[in-house]
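Noted in TrEMBL for the protein shown:
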BINDING   Gly10, Pro11, Ser12, Ala13, Ser14, Gly15, Lys16, Gly17, Thr18  ATP binding site
DOMAIN    6-214  domain 'Cytidylate kinase'
Amino acid sequence: MTIAVITIDGPSASGKGTVAARVARLLGFAYLDSGALYRLTALHAKRSSVSWNDEEAVAALARALPAEFRDDAVFLAGEFVEAEIRSEEIGMGASAIAALPAVRAALLERQRAYRQAPGLVTDGRDMGSVVFPDATLKVFLTAGADVRADRRYKQLISKGDSANLPRILQDIHERDARDAARTVAPLRQEPDARLLDTSDMTVEQAVESVLAWYREASASGH
Ligand code: CDP
Ligand code: CDP
């Protein structure tokens, strides 16, 4: 029997990670934040003085990425780097290195290794299209750019970080454009992914929708 996978892809700050982590917890599945791997690679390159444009050098770092997820927290070479990888600067770096085919190839098998019984919930940009094309359920989770900027702003403020709403909105537009325009694994809704527009939804409502779709997909024997 194949191991269940739920993929949740979509643009920045749509709520993918929050929804994916909750669905995973409710089902007792593992959770993979694939964006964190790209963010960790960007941070690793910055710390190693490797340019985000140097495809081969960044791919070499990605292949031997000393990353670890422990109790929902992220470590690079044993150091807790959760706050650092969530900055907009590293988000931009992640988006830049994610456009490099050799870097994506370097992270592919590592992502697939997270598929373990009883199941996996994962979020990113290409989890349904490239990494787990045979997923049990594929969701494309989105929300309007203004709503997403507002969500990111409130998320940063609630953590005590400084945040500038117009700047966040600008970054979101920039990152959307870059993620959608790249030639490898561009951000887009695949024909077999279900669309979940959460612009007017709470997290709970979004989680309920995913769970209902998952029950439906499992019952139909996928
Ligand atoms: O949280 P947010 O959606 O802003 O970003 P993220 O999911 O942490 O991903 C950071 C960057 O990594 C994105 O802008 C994408 O360019 C890239 N990424 C990707 O290309 N493929 C994935 N599966 C996940 C992230
Ligand atoms: O992973 P991604 O970048 O797509 O977004 P996130 O970091 O999971 O979510 C951004 C913020 O939006 C979090 O603070 C969520 O609590 C909030 N939010 C949400 O995820 N879904 C809603 N329907 C409403 C708010």
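Placement of Cβ uses the backbone N, Cα and C atoms for every residue, glycine included.
Projection of TrEMBL feature records onto the structure.
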{"residue": "Gly10", "record": "ATP binding site", "Cβ contacts under 8 Å, 6 or more apart": "Lys16, Asp123, Arg125, Val139, Phe140, Leu141, Thr142, Leu187"}
{"residue": "Ser12", "record": "ATP binding site", "Cβ contacts under 8 Å, 6 or more apart": "Gly91, Arg148, Arg152, Ile172, Arg175, Asp176, Asp179"}
{"residue": "Ser14", "record": "ATP binding site", "Cβ contacts under 8 Å, 6 or more apart": "Leu141, Thr142, Ala143, Arg148, Arg151, Thr198"}
{"residue": "Thr18", "record": "ATP binding site", "Cβ contacts under 8 Å, 6 or more apart": "Val203"}
- Within 8 Å of the Cβ centroid of Gly10, Pro11, Ser12, Ala13, Ser14, Gly15, Lys16, Gly17, Thr18, the other same-chain residues by Cβ around the recorded ATP site are Val19, Asp123, Leu141, Thr142, Ala143, Arg148, Arg151
- Query: Taking every residue in the domain 'Cytidylate kinase' (6-214), what is their average pLDDT?
  - Reply: 94
- Including all protein chains shown, what's the count of other C-beta atoms within 10 A of the C-beta of Lys16 (ATP binding site)? 29
- What binding-site residues among Gly10, Ser14, Thr18 have a C-beta sitting less than 6 Å from any atom of ligand 1? none
